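Visitor: Dumping the structure here so I can ask a few things about it.
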Amino acid sequence: MNSSDSRVIVALDYPDQEKALALVERLDPSLCRLKVGKEMFTRLGPPFVEVLRSRGFDLFLDLKFHDIPNTVAAACDAAADLGVWMINLHASGGRRMMETARERLEARTQRPLLVAVTILTSLSGEEIHEIGFAGDPADNVSRLARLTQQAGLDGVVCSPREAEMLRRDLTDDFLLVTPGVRPKQAAQDDQRRVMTPAEAIRAGSSYLVVGRPITGAADPVEALQLINQEIAANL
Ligand code: C5P
């Protein structure tokens, strides 16, 4: 595995391998990790993961598993076979689902980090009530993050806006992986409640998932280096 110290995970959200590799060719594993999500993995599968891994990148396989405990544990085991650095599941699958997945990974000599999505940041308060969760989004995020830590997982994916609250509730070594990050000079795109890299780090974020501010930049390497510098100045 690669030993990048960077806190940046570049989200590879492309419709095809050619476009993704055109960017990857310009990046260096010492400068960032990469995230492969449902779209690219469904189109290109394990061979694409292997292409990225063989170039020395640590990979976050963002497939957000949510199913019965045995199925999720088996899926996590299969993901671990791909040699990825981090995988994830939905905390709302429950304690037993999370514990079973964690136990299955712990049986391996080498395992990826396992983190959970609490509440999708795309859900409004009203939508959360509609699916039967009481309280406001922050209460639910907080409750599910605590459950995730009790289940022995390594961390959660959350909005940088939630990071400060979660850092207070949870131990220092619990990972907070935050998308929704925008350097000051970048466009917000469809993200609504964004924070700058500096703000996210100061709020307690462990890793920043950044897509378009890097993938859409005229000079992606320069954009990435500026973010790395901003993070280093705020650690
Ligand atoms: O381009 P951008 O920086 O907005 O990309 C962010 C990445 O993080 C995308 O892959 C998106 O799917 C993911 N993500 C997110 N918000 C969440 C969870 C994941 O933006 N709450």
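Just so you know, glycine gets a Cβ as well, placed from its N, Cα and C.
Unlike curated records, TrEMBL annotations are generated automatically.
Okay, these came from TrEMBL:
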type	residues	note
ACT_SITE	D62	active site, for OMPdecase activity
ACT_SITE	K64	active site, for OMPdecase activity
ACT_SITE	K64	active site, proton donor
ACT_SITE	D67	active site, for OMPdecase activity
BINDING	D13, K35, 62-71, T121, R182, Q191, 211-212	substrate binding site
DOMAIN	7-227	domain 'Orotidine 5'-phosphate decarboxylase'
Visitor: Which one is it: of the active-site residues D62, D67, which Cβ has the fewest other Cβ atoms within 10 Å in this structure?
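Guide: Relative to the other active-site residues in D62, D67, D67 has the fewest Cβ atoms within 10 Å.
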Visitor: Where the distance is taken from Cα to Cα, which of the binding-site residues D13, T121, G211 turns out closest to D67 (active site, for OMPdecase activity)?
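Guide: For D67 (active site, for OMPdecase activity), the spatially nearest of the binding-site residues is T121.
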Visitor: Should we count any of the recorded positions D62, L63, K64, H66, D67, P69 as near ligand 1, judged by a CB under 6 A from one of its atoms, and which?
Guide: none
Visitor: Can you tell me whether DSSP puts D62 (active site, for OMPdecase activity) in helix, strand or coil?
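Guide: The residue in question, D62 (active site, for OMPdecase activity), is strand (DSSP, three-state).
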Visitor: Going by C-alpha distance, which of the binding-site residues D13, P69, T121, G211 is nearest to D62 (active site, for OMPdecase activity)?
Guide: D13
